Amino acid sequence: MLKIKLEKTTFENAKAECSLVFIVNKDFSHAWVKNKELLETFKYEGEGVFLDQENKILYAGVKEDDVHLLRESACLAVRTLKKLAFKSVKVGVYTCGTHSKDNALLENLKALFLGLKLGLYEYDTFKSNKKESVLKEAIVALELHKPCEKTCANSLEKSAKEALKYAEIMTESLNIVRDLVNTPPMIGTPVYMAEVAQKVAKENHLEIHVYDEKFLEEKKMNAFLAVNKASLGVNPPRLIHLVYKPKKAKKKIALVGKGLTYDCGGLSLKPADYMVTMKADKGGGSAVIGLLNVLAKLGVEAEVHGIIGATENMIGPAAYKPDDILISKEGKSIEVRNTDAEGRLVLADCLSYAQDLNPDVIVDFATLTGACVVGLGEFTSAIMGHNEELKNLFETSGLESGELLAKLPFNRHLKKLIESKIADVCNISSSRYGGAITAGLFLNEFIRDEFKDKWLHIDIAGPAYVEKEWDVNSFGASGAGVRACTAFVEELLKKA
């Protein structure tokens with residue numbers, strides 16, 4: 001991980017092997033830009049990166065005056081620098097976006113530091129010849145690249161320290177999630193997932209309970225159990241329950257995650273091409289583990305419960321079947337018409353378990369539907385639920401964190417598509433349309449009336465795992481949901 005060192009000095013006086021200078025909104029006028037003739041010769045107009053080898057300066061373009069583009073550009077710059085031979089880089093402080101906001105400086109620093117730190121991530125566990133980055137340190141000169149109000153300058157050091165703490169915690173947590181999601185299925189089993197959760201619990205002094213199939217049977221979590229039937233003798237299920245309890249808690253929050261460590265579709269077998277990347281079906285459960293790490297280290301004033309349903313969905317003689325009828329923990333019967341709609345079965349029982357804790361807010365995370373990716377693209381998560389205020393808060397705070405989110409509305413017509421003639425509800429829609437919403441409506445069937453306005457469903461199927469670099473995310477797992485939910489919890493507690 002890149003070490004960031006704060007120094008109370010000017011950018012010119014800071015010492016490092018190379019310099020990183022951002023060109024914000026194609027503005028070449030500030031003093032840190034050197035050798036403008038060279039930039040003009042090579043027609044560098046402030047987009048992408050450009051290396052001035054003579055002066056050892058890497059220029060990185062920030063296309064617009066936008067804090068999210070600053071974060072992305074910082075990440076791109078580090079990705080470029082790690083291919084070079086510099087051990088250290090110096091950078092100043094930039095302010096982008098809405099300068100009138102009270103926390104504008106802090107948010108810019110968070111974005112800068114997080115972008116720098118995430119730029120070094122690469123999942124290379126199984127590479128024979130690992131290429132370790134020479135770049136080890138970023139020196140941040142506590143000098144603003146352009147004048148601002150005196151109050152802004154006076155708060156620079158304090159804001160920088162707070163932002164650095166956030167960036168270090170968030171980077172560590174995102175990388176825990178990324179590593180877990182990227183772990184191949186022969187290693188990343190339900191038991192392995194529980195072991196990762198136990199490490200996080202131990203480090204943060206969290207309470208943790210890991211339950212096996214016997215507990216699931218006792219609690220009548222039959223929908224969850226059914227999904228695991230083909231794997232029971234080899235990779236049994238685990239219900240993981242993490243608990244963070246601060247001395248002072250304004251809210252009790254339950255975070256629920258789908259932890260499908262591998263999903264071949266069960267007897268409703270996926271085509272071969274669609275099985276590839278299904279190690280990422282544990283993205284929701286992994287995000288919950290990462291969130292407990294973030295929220296505990298930040299010391300938020302909320303009692304937080306992280307509940308993960310970890311299992312495989314495989315084929316075998318004991319596998320559950322289309323036409324099965326399952327009795328869930330809530331007592332509702334489920335007609336199974338497609339065994340590849342399994343994540344919602346696991347979540348149904350886990351959400352029931354979460355409601356028994358009587359939380360003030362419930363948020364579930366799942367790589368639930370391909371339909372969500374079709375509708376919103378691979379970079380955007382969907383928000384569903386009944387409480388407009390809660391949905392709006394998650395969307396606005398999540399967007400400010402740098403994640404992309406959009407609300408999808410429930411409606412009575414789509415609800416009819418999951419009706420069953422022989423059970424209380426069907427696990428698959430009778431129509432090919434609106435699949436992300438009908439999956440959310442299925443989960444809604446297991447939310448008790450008193451919790452309807454306390455529950456949010458986040459479908460992270462698109463951004464949880466993308467096979468290319470984008471924004472601050474490397475090839476593979478991104479840690480989708482972690483930044484957004486952290487911001488949501490912080491804003492929720494401000495209103496408490």
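Yeah, the Cβs are placed from backbone N, Cα and C, and that goes for glycine too.
Feature annotation from Swiss-Prot assigns active site to Lys270 (among others); the stated evidence is sequence analysis. Around the Cβ of Lys270 (active site), 15 further Cβ atoms fall within 10 Å across all displayed protein chains.
The active site annotation in Swiss-Prot covers Arg344 (among others) and is backed by sequence analysis. In the three-state DSSP scheme, Arg344 (active site) is classed as helix. Taking all protein chains in view, 28 other C-beta atoms sit within 10 angstroms of the C-beta of Arg344 (active site).
Residues within less than 8 Å, Cβ to Cβ, of Glu342 (Mn(2+) 2 binding site) and separated from it by at least 6 positions along the same chain comprise Val227, Leu260, Asp263, Gly266, Asn313. Swiss-Prot lists Lys258, Asp263, Asp281, Glu342 with the feature Mn(2+) 2 binding site, giving sequence analysis as the kind of evidence.
Contacts of Asp340 (Mn(2+) 1 binding site) defined by a Cβ separation under 8 A and a same-chain sequence distance of 6+ are given as Asp263, Gly265, Gly266, Ser268, Leu269, Lys270, Asn313, in order along the sequence. According to Swiss-Prot, the Mn(2+) 1 binding site annotation covers Asp263, Asp340, Glu342, on the basis of sequence analysis.
In this structure the alpha carbons, written CA, of Asp281 (Mn(2+) 2 binding site) and Arg344 (active site) are 12 Å apart. Lys270 (active site) falls within neither a helix nor a strand when secondary structure is assigned with DSSP, and so counts as coil.
Taking the mean position of the Cβ atoms of Asp263, Asp340, Glu342 as the Mn(2+) 1 site, the remaining residues of that chain whose Cβ falls within 8 Å of it are Val227, Leu260, Cys264, Gly265, Gly266, Ser268, Lys270, Asp281, Asn313, Thr339, Ala341, Gly343. Sitting within 8 Å of the Cβ centre of Lys258, Asp263, Asp281, Glu342, and not among those site residues for Mn(2+) 2, are the Cβ atoms of Val227, Leu260, Met278, Lys282, Thr311, Asn313, Gly343, Val346, Ala366, Thr367. Shown in sequence order, Asp281, Lys282, Gly283, Gly284, Gly285, Gly309, Gly343, Val346, Leu347, Cys350, Asp364, Phe365, Ala366, Thr367, Leu368 are the residues of the chain, 6+ apart in sequence, with a C-beta less than 8 angstroms from the C-beta of Lys258 (Mn(2+) 2 binding site).
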